């Protein structure tokens, strides 16, 4: 029995428990119902994770990433924790009249949407596991875990209904919001099944859960914004104003349009390719597929039309641009040409020199790949830290453009679109690690997103000056120093099977605190609001460092979000 109880307590779970407890203890009375729902979600995710890891054959038809734990608990609580921390921050803003109720209500809806996605996936996993009860190898305790986890997720749904009814004006309003949450849940279940089947062995269940909930939330916001524009006279005014009535910046609309447009493009191209091949078969029954050259031409023409005509049309529709969005981007860049063009030139030179240098090292040297990849983390610090201090609005747009380029290149690589597909595949393989696969290379995406998301989420009111730096500090400084020091000087390991060392973790935590000590007076001199205590910062940095030490999940994705959520408190 002791062995079983000990196996339930892992380093990653303890850190997640500390993070969730820190968030719950920071909640004002107005967010108690949200905190109760987060507690229920955490409990259900914990039980589902135990159930999966004690009987891994239950989800054997999902080919998750090898060598990683399921990560269900961490994956389920990360995005809701970020949203509830943002609610805590907005509650402080409203108390000093620095934010409006509409913004708080908008983030509240986003919290429940993200939570509903995670809750639905947990219910889906519980249902799958409960269907394997006929197997004689299942113990009574395993069945009990399944029942309790399913009960917890149902109670979570009840808490969601009660909370939404309290902030709604009418029963119809509550019903519409519950339907909206149900839509997010169903979409999340459908999407996670698609991701795990289409990209086998590319992600753990927890990583897939985080990606799924994030994509569903982003697409849901896109869809609601569009529907509100089309049916603003038909949809009740209170629903539109509460859910999606906040002011949207031009940069936010452009980034959202670019990224979602590129994510939707593969479906569009499949449809176009199907029509083209059908027309070929009508002309010649012996010709089944188009040639590679024709496919490449069709791909680039479709991509150009979709991104230059279709996507900007949506941007202009939802935001009323007075010119083409790409022309707006040029106007924005040249509004401060010396600063922004100089920054672009600096980035280009740094990228060219670094990539060519590291690529040659990877081919001719015996430098371990993990250390080589950490050099890119340092490069991210050199690129993004000065820009975030000096040109934060321009950096928002630059992150969106860089991610759009990465998504487009990954689509070309996966489909081997001539003439770039095969060279891209060979080049990318030089920088992959055990978390990448032939199907999908995620390292560059996760690093860029890990740095970008805290910056994007810090737009608007922000009384925690260090929160936009969460990704840069945790990945560029903390994770890099932990890996390099641990690799060269580490002796004491946190676990017998893991590679993370006590020395590396200590170096990561110390380096992050040191950079914070340097950043704080610089930000204060530039007029940033500084209201975070040093003890709170120490807790956030320490918890982040311990999560990096214990987690087997994709740290580039989880660590910045956890650090950001703790910094917002």
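Placed from the backbone N, Cα and C atoms, the Cβ positions cover glycine too.
Keep in mind that what you see is a predicted model, and the values were worked out from it rather than measured.
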Is it the case that Swiss-Prot assigns residue 8 and residue 323 to the same side of the membrane?
yes
Out of 289, 360, which residue gets the N-linked glycosylation site annotation in Swiss-Prot?
289
Swiss-Prot tags one of 23-43, 44-64 as transmembrane segment - which one?
23-43
Students should find that the transmembrane segment stretch in Swiss-Prot, chosen from 148-168, 232-252, is 148-168
Listed stretch, out of 179-199, 253-273, 341-361, that has the most CB pairs under 8 angstroms to the transmembrane segment (394-414):
253-273
Please indicate, using numbers and ranges, the residues of the same chain that are 6 or more beyond the transmembrane segment (549-569) and have a C-beta under 8 Å from a C-beta there.
10-12, 14-15, 19, 22-23, 26, 67-69, 71, 74-75, 78-79, 81-82, 84-86, 88-89, 203-204, 206-207, 210-211, 435, 442-443, 446-447, 449-451, 453-454, 457, 464, 466-467, 470-471, 473-475, 478-479, 482, 494-495, 498, 500, 504-505, 532, 536-537, 539-541, 543
In the topological domain 'Lumenal' (200-207), how many residues does DSSP call helix, how many strand, and how many coil?
3 helix, 0 strand, 5 coil
Helix, strand and coil residues within the region 'CTP-binding' (487-503) as assigned by DSSP:
5 helix, 2 strand, 10 coil
Contact call for the transmembrane segment (370-390) against the transmembrane segment (465-485), three or more Cβ pairs under 8 Å
yes
